[in-house]
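Listed features, source Swiss-Prot:
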DOMAIN    109-235  domain 'MPN'
BINDING   H184, H186, D197  Zn(2+) binding site
MOTIF     184-197  motif 'JAMM motif'
Amino acid sequence: MNEYFVNLNIKEMPETMRPREKLIARGEDKLDEAELLAIVLGSGTREMNALELARQLLARHGGSLRFLMSATLEELTAEKGIGMAKAVSIKAAIEMGRRVVGNIQLRRIIKSPEDVQEAVRELAMEEMRHYDREHFRVLYLDRKGGLITMQDISIGGLHSSIVHPREVFKTAVKKSAASMILVHNHPSGDPTPSQEDIEITRRLIEAGKIMGIEILDHVIIGEINYCSLKARGLI
């Protein structure tokens with residue numbers, strides 16, 4: 001961004017550099033991450049406009065929107081220039097995007113191992129690969145393989161927050177699910193399963209056999225790719 005425009009109000013900038021006007025004229029896909037974030041923020045501070053605030057916020061986190069996916073309100077408001085109103089707007093925008101994707105994908109039918117991996121790629125990969133903490137998510141399916149719902153069971157890591165069968169199967173029973181797909185991410189970016197990943201999966205599979213609920217796969221998501229424990233022959 002040209003330093004000449006740093007301390008200007010957005011309205012004082014040339015129209016071609018204003019995020020909202022650029023979106024209207026050229027389309028949302030022509031905006032970079034900072035410009036999109038500036039629109040969500042709505043306004044800047046006394047020291048900088050919304051676009052510069054967005055650029056500085058991203059710069060503090062490696063230039064990526066990744067941290068916004070799992071940031072709490074407390075973490076957002078700890079950032080310079082981000083008050084509660086801006087933090088709430090960010091959280092609402094992230095959640096709205098998540099729900100749009102979720103509503104589309106809930107129509108999916110999953111019947112084969114290939115369907116499982118495709119569903120994980122399209123439903124969870126893009127979102128979960130950006131998380132900086134481990135999220136353990138479960139996709140619940142009906143008897144025909146239809147996706148009923150999905151739910152994050154644990155946040156914080158399999159090591160610090162052990163996944164208990166009770167939490168995993170509570171929603172399955174409530175929703176009358178016939179099978180499940182387990183998904184979690186590795187913030188390190190390497191989807192290689194740990195021994196603990198394998199042991200937890202096998203423990204959940206045994207619990208599922210008792211309850212008559214099949215676990216179809218456990219997919220671990222990394223930064224670039226993913227690992228299916230089923231495809232690896234680990235379960």
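Placed from the backbone N, Cα and C atoms, the Cβ positions cover glycine too.
DSSP assigns D197 (Zn(2+) binding site) to a helical segment in the three-state reduction. Within its own chain, the motif 'JAMM motif' (184-197) has Cβ neighbours under 8 Å at 128-129, 131-137, 158-159, 218, 220-227, 229, 232, 234, counting only residues six or more beyond its boundaries.
Most Cβ neighbours within 10 Å, among the binding-site residues H184, H186: H184 holds that distinction in the structure as shown. D197 (Zn(2+) binding site) has a Cβ environment of 20 other Cβ atoms inside 10 Å. DSSP assigns H186 (Zn(2+) binding site) to coil, not to a helix or a strand. Using DSSP to sort the residues of the domain 'MPN' (109-235) gives these counts of helix, strand and coil: 43 helix, 36 strand, 48 coil.
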